[in-house]
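> Before we start, here is the structure in question, set down as structure tokens.
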Amino acid sequence: MEGKWKPVSLDGAVFTGDFNDLIGIEECSGYELENQCNKVSKGQINSKSTKNKLKKRKKSIIKNLEVVSPSKAGSTSEESVKIDHFQAIEDELSMEAWNEYDLSEVILKGLQDQGFKYPTTIQALSLPPAIFGKKDILGAAETGSGKTLAFGLPILNSIVKMKSDDKSSQDSLNLCALILTPTRELAIQVKNHLQLVAKYSNVNVVAIVGGMAAVKQERLLNRLPEIVVATPGRLWELIQLGYGQLSEIDRIKFLVIDEVDRMLEKGHFLELQNLLEKVNFDEDSKKRRQNFVFSATLELVHDLPKYLKKVKRKAQNTPEMKLKKLIQTLGITEPKVVSVSRGVSLPESLTESRVNCSIIEKDYYVYYFLQKYPGRTMIFCNSIGCVKRLTTLLTLLECHPFPLHASLQQKQRLKYLEKFREKEDSILIATDVAARGLDIPSIDHVIHYQVPRTTESYIHRSGRTARANKQGLTLLIIDPSELQNYFKVCKTLKKSEDISVFPVQQNYFEAIKQRVNLARELDKLQLQIKKTNLEVNWIDKAAKEMDIIVDNKPNNSKELTKGKKFLDIKKKQLASLLQKPIFLERAKGKCFSQIEGFLLENTTNSIQFQESAINTLKHTMESSKSRKRKFGTWKSKK
């Protein structure tokens with residue numbers, strides 16, 4: 001055989017693995033092949049066919065490399081079987097803590113995939129009476145303690161076992177469990193959480209919430225889900241429209257009300273009462289039904305206002321009275337009360353702090369904190385208007401915050417939440433719609449731009465950070481008009497000491513104020529231009545519709561042009577300021593922080609390192625205590 005040999009160019013990935021001694025591959029072209037019968041087949045190969053064969057050969061070589069047998073790769077099939085066997089034993093041992101709860105294999109596998117090797121305290125206390133005793137559960141636990149699986153596991157486990165029983169397979173096609181939550185985001189979160197744990201089973205979980213197309217939710221209900229997670233408003237709306245899957249809602253086997261104290265607040269969730277009447281309509285089903293009621297503030301009670309204390313000696317509310325009223329409202333009998341809230345319901349790893357200032361200075365402190373201590377931060381406001389204003393201001397300051405409030409469309413709310421989860425140094429400005437139950441991992445700071453009106457709100461807001469035993473910091477920004485609400489929170493939480501003052505380096509405040517004030521001016525100018533623009537457009541539109549020519553137009557057009565020029569100048573000024581660093585420059589002089597009446601000197605010459613907000617507060621408090629001791633010793637000697 002005669003021909004020309006040419007090297008074949010292959011991807012470098014082909015030579016990885018156990019092919020160290022392989023130098024290269026060559027191909028013979030332009031040859032004549034003679035067979036045994038002396039017949040000659042002329043194999044003159046043209047360039048096109050050569051390329052096609054090269055492609056095929058590359059694919060075959062790569063394919064063969066991918067399916068190298070274990071013996072050739074240096075390990076026997078017996079060894080791989082041993083490895084798999086030991087891995088299976090290790091996996092089984094890692095889930096040993098769940099064995100006492102008689103959970104089905106598909107549920108255990110789902111828990112293992114999510115990394116839940118051990119039950120949390122609330123789960124360990126709730127699961128035995130719920131699974132073995134079929135008891136109603138009233139649970140009080142701090143946020144981030146695993147409440148979702150405390151009620152989710154007994155429900156999923158029961159449905160899986162019902163579906164595995166041939167006799168009850170037909171019955172299991174009906175709606176088995178209803179889970180009610182106060183917010184749409186929490187409903188979707190609970191649904192996703194349960195789906196992940198139940199992914200190896202054939203249990204169908206859907207979320208029915210407002211802000212989504214009714215047609216889409218009708219399709220979800222047509223799948224005949226066993227579990228429906230819903231907000232009261234949208235669920236009641238669909239029941240009234242007569243959706244078939246919801247017609248027998250009074251025959252459900254499980255009812256869950258999450259964040260129950262929020263759901264039963266006066267004036268909120270008017271549809272909940274209608275839902276409870278509907279669910280409790282069938283007395284036999286009501287007696288057989290298992291109920292789960294959970295909240296972080298279930299046992300929290302408030303002192304009565306002074307004007308009520310004077311009227312007819314009203315009895316002081318107690319946790320026992322609150323639970324009794326709740327049991328009567330929901331129609332629960334002989335519940336098992338499970339409480340791991342430690343009386344205050346705040347996470348142990350949470351660091352609390354405050355700043356006292358005027359209402360005008362609040363923006364300065366927020367911007368200072370965000371620039372000084374970057375991290376995933378949630379800022380809570382009491383009103384939608386405040387959220388919108390602060391979002392606009394921080395956007396002008398290039399902080400790129402995401403808003404979250406009830407006026408936003410559901411699609412937009414979910415989009416902003418997803419973006420907030422994805423970015424490490426992201427900022428979410430929200431009303432209390434985001435305070436309850438939302439599990440967003442690794443939130444570093446929670447800022448209360450306005451003091452919450454109730455202690456429950458403070459607990460739920462602060463509970464967004466310091467979850468799963470991670471460190472977190474909450475900062476209250478208090479103006480004089482909010483002191484009453486602040487003292488009320490401290491009293492209800494039975495705080496023996498005042499919340500620590502967060503240290504602020506005042507020597508940086510000139511730069512902070514300059515930027516914030518300029519952003520405020522820009523915001524005001526933008527509003528004025530928008531208003532003027534609307535007026536001008538309205539006049540032009542009206543003139544066009546009436547087919548008339550306006551000779552003497554008002555001066556709005558001139559004002560608009562002038563305003564836009566001034567706006568551009570201010571934007572350039574702010575952009576120039578924002579390019580200059582605030583904290584990376586060397587500190588000029590000494591900076592002082594006022595803590596409990598003492599001026600603390602910071603002698604650091606250069607702020608080149610990034611210290612966490614928690615460490616800053618701890619170091620300042622230690623310095624304060626040390627100075628107090630020194631001052632006390634000096635005074636006694638004198």
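Every residue gets a Cβ built from N, Cα and C, even glycine.
Per TrEMBL, the features are:
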DOMAIN    96-124  domain 'DEAD-box RNA helicase Q'
DOMAIN    128-316  domain 'Helicase ATP-binding'
DOMAIN    365-510  domain 'Helicase C-terminal'
MOTIF     96-124  motif 'Q motif'
> With DSSP as the yardstick, break the domain 'Helicase C-terminal' (365-510) down into helix, strand and coil residue counts.
63 helix, 24 strand, 59 coil
> Count up the helix, strand and coil residues in the motif 'Q motif' (96-124) according to DSSP, in that order.
19 helix, 0 strand, 10 coil
> If you average per-residue pLDDT over the domain 'DEAD-box RNA helicase Q' (96-124), what number do you get?
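Mean pLDDT for the domain 'DEAD-box RNA helicase Q' (96-124): 93.
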